[in-house]
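Visitor: Feature annotation from TrEMBL assigns compositional bias 'Basic and acidic residues' to 392-407. What TrEMBL lists as domain 'SMP-LTD' is 67-249. Per TrEMBL, domain 'C2' is recorded for 240-364, 401-518. The region 'Disordered' annotation in TrEMBL covers 391-416. The transmembrane segment annotation in TrEMBL covers 7-28.
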Amino acid sequence: MGIISSIAGFFGFGVGISIGLVIGYFLFIHTLPTDVKDPVIRPLAEQETEQLQSLLQEIPIWVKNPDHDRVDWLNKFIETMWPYLNKAICKQVKTIAEPIIAEEIPKYKIDSVQFEVLSLGSLPPAFTGMKVFTTDEKELIMEPTLKWAGNPNILVAVKAFGLRATIQVVDLQVFAFPRITLKPLVPTFPCFAKILVSLMQKPHVDFGLKLLGADAMSIPGLYSFVQGIIKEQVANMYLWPKTLEVIIMDPAKAMKRPVGILNIKVVRAMRLKKKDLLGASDPYVKLKISEDKLPSKKTTVKHKNLNPEWNEEFSVVVKDPESQTLELVVYDWEQVGKHDRMGMNVIHVKDLTPEVTKVFTLDLLKNMDPDDAQNEKSRGQLEVEAMYKPFNDTERPADSEDSEVQKAPEGTPEGGGLLVVIVHEGQDLEGKHHTNPSVRLLFRGEEKRTKVMKKNRDPKWDEEFQFMLEEPPTDDKIHVEVVSTSKRMGLLYPKDPLGYVHISLADVVSNKRINERYQLIDSKNGTVQIEMQWRTSS
């Protein structure tokens, strides 16, 4: 009877459960709650910004924020360069980290810490957008959005107390929003002196850590503890406005600020070689300081003289006395055609004792190549006096890309001055028949011309002309004309005008110096860059 009652009870329980499930299913299907409302369906275009961002978490930042630019080209570049960047970055990390580790480990009684394996893996970081700021300062500010889910392999071996342990970092993930500032911008490659890096938000850093081959992050509580420590430490060091500063070059040296004046006196030349057919030469000397964009300075021409005496003084600004040199080139002046080069030599500024005049008797060479056999040939000598005078704190000029205007030479009329006109370059010059441009200056009946640049629409002359005046040319204008000339079969063809401009000299007198680009009249797109200085003795 016991067995029969048990079997009957089991079947009764099963039947009851089945009947209950069937009744519950029909009640669930056919009974609707009364407080349920139909969902409101709205087009995406009508959604609020916050709602869209919550719906689309992985939308790129350049879509969310229109002031961020899409930088797919940068990701392609990094992807291609990553195998090489990986090696270069790891090498740099070792170079920086190893001396620091060697200095710190004695404090903790550790014998050694070495990188056994250091690789950033095969997966490069990706930039999902970048914002660039434009400021009035000499700087470039960028805010890229960085995401990196990499597969690095960083294995560090630690030896202490006769034991050896290995620590391995794997499966790295970094999400960061840095601000990168390049400043100041300078005219020396790589064109910036410092890199400043800040974090605009706390970064997300996730990684696996294996200690002695075991996953240390599986220890309860350790993962969240390490995450918190990393975020707080990184934020304390680099969260905006705190920055990581990387010095690329000395900003003072990169800006090439003037640090002194080099005074030169070209005294005489001796035993120059004959260049003219009639057995003489018409020598003059060009002077130029290296790494300077200003045109060369020139002495006067001494006609038919192989032992000329000039005794003419010049001054040039020095920006780097350790590397700059003064180049002196002697030319034979020719009325027609190219001036012949007679010889050259250089003076190193670093060889001068500050504020001490040194006399040089320089052998004229063909060039500065010490292995050139032609330099053994005698070309005469040039006698020069040079004195380098460094600026003190009160004499140092303000930071400027332009050199100070020099004083007029001795003999300048009192109340007058020296008008210096430097013809730098032309652009987009075009003649009807030929384009061999030269510049003609006409001022108070005096005419001066540059050399002819053959078949050149964008010529660079960098030639200097001087007009000695009894009084300031406040009410005067200078006529600047660009013309093209051509010779065929020895015959001079008619000139082809390329444009002209009249420049008022009132601004030159009041400002001491102007350097502007002028649109040429009667020219479609042609321009000419003219620099002018008004030098007085006071």
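Using the three backbone atoms N, Cα and C, a Cβ is placed for every residue, glycine included.
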Visitor: For a three-state summary based on DSSP, what are the helix, strand and coil counts in the domain 'C2' (240-364)?
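Guide: When I sort the residues of the domain 'C2' (240-364) into the three classes, I find 8 helix, 57 strand, 60 coil.
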Visitor: For the domain 'C2' (401-518), DSSP counts of helix, strand and coil?
Guide: 6 helix, 64 strand, 48 coil
Visitor: Give me the mean pLDDT over the domain 'SMP-LTD' (67-249), rounded to a whole number.
Guide: 78
